[in-house]
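Shown next, in structure tokens, is the structure this report addresses.
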Amino acid sequence: HFEVSTSRPWTLFKLLLKWRGSIWKSVIMELSVWLVLFAIMSAVYRGALNPRQQRIFERLVEYLDARLDYIPLNFMLGFFVTIIVTRWTYLYQIIGFIDNIGLTVAEYVRGRSEESRIYRRTIIRYCELAQVLVFRDISMRTRRRFPTIDSVVAAGFMTAHEHDRFMEINYPYSKYWMPFQWALALTYDARKKGIIESDFFQVLVTQEIKKFRSGLAWICNYDWVPIPIMYPQLVCLAVHTYFLVCVLSRQYIVSKHAAIMTEIDLYFPIMSVLQFVFYMGWMKVAEAMLNPFGEDDDDFETNALIDRNITMGLTIVDQGYNRPPDLDRDPFWGEEEDPVYSEKTDNGTKETEGAASHSKRSEGTNHIRMVSKLEN
């Protein structure tokens, strides 16, 4: 984002030079195969066919080129990509950042005693443990990091006795709910002991925990019920069929006796290659976003999110607990507020003004008589 922070004529062109996650990386294999097939058909047409066979080939090219619009690529790809992007955006919104839980726990689970610290830290750890358990089952990156429950224990997200309690329940369904149940039970215990000072404060803490749980539940649901396989199959089949037909329909017709002779014999299909890059790249965008918990270049970094959440959550409720600065007069006390900028900063800021605030009044509007709607 830093590279496109300022709009310049060359800004977006700089992005074209990137390779990781780029359109070039996504389409290079298919484009190479298509060009090889195109070259083979061109060589066969120009050198291996006799004049009669060339006439048949040319009529076939004309027939296919006239009917390429029968495959509605624009409609299918546009609708498909819209569905995928909407789904991807929602999954990112609910992926689970622990900041709100940490801030709420630090605010309402009070006390500097060791017991209070344990309550705060354990609530955070249980919430993050649930996220680890979910990500293990939907992301191969996290699965390789935590191949077994024992590896989760070894990483510190679960203690040995918690592991034993976790394994006591043996049934064929997931147990993502257990860490959340433990965290909610801790809020109840903390309320009974007065570490949480009121029922209302306990409700606020539990609401944040349940909101975090609901997001992870929806992630599981989206993973469980993907987009019906017929739709990706249809789009993939349409795009590949279209360009397979283009191997023939986009051939340059060089025979002087052909009904429709190509104006310029370029040998290399420039416009067809551009169309291939655009349409195939369009499909690859949807393909890369279809499962954001996969292993593509731009998929969600679940391991990095786990590391961030556990580090930030524990820091908020422990080192950052109840440490506001001393209350004092602010630097603008008793003075007119005059915001300052560094010397190299352009101070040409735009004020928040309405579009009509500087409109000029017409002549004769110095004395305005206001009348009721009924009088008009």
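A Cβ is built for glycine as well, from the same backbone N, Cα and C atoms used for every other residue.
Per TrEMBL, the feature transmembrane segment maps to 23-45 (among others). Same-chain residues lying 6 or more positions outside the transmembrane segment (23-45) and placing a CB less than 8 Å from one of its CB atoms are 54, 57, 243, 246-248, 250-252, 267, 269, 272-273, 276-277, 280-281, 284, 287-288, 297.
Positions annotated as transmembrane segment by TrEMBL: 66-84 (among others). Tertiary neighbourhood of the transmembrane segment (66-84): same-chain residues 227, 231-232, 234-235, 238-239, 241-242, 245-246, 249, 279, 282-283, 285-286, 289-290, selected by CB-CB distance under 8 Å and a gap of 6+ residues from either end.
Taken from TrEMBL, the feature transmembrane segment covers 234-254 (among others). Within its own chain, the transmembrane segment (234-254) has Cβ neighbours under 8 Å at 34, 37-38, 41-42, 45-46, 57-58, 60-62, 64-65, 68, 71-73, 76-77, 80, 260-262, 265-267, 269, 272, 275-276, 279-280, 283, 286, counting only residues six or more beyond its boundaries.
With a threshold of 8 Å between CB atoms, the same-chain residues lying at least 6 positions outside the transmembrane segment (266-282) that come near it are 23, 26-27, 30-31, 34-35, 38, 42, 73, 77, 81, 239, 242-243, 246, 250, 252. Residues or ranges marked as transmembrane segment by TrEMBL: 266-282 (among others).
Feature annotation from TrEMBL assigns region 'Disordered' to 321-376.
Here TrEMBL flags 341-353 (among others) as compositional bias 'Basic and acidic residues'.
Positions annotated as compositional bias 'Basic and acidic residues' by TrEMBL: 360-376 (among others).
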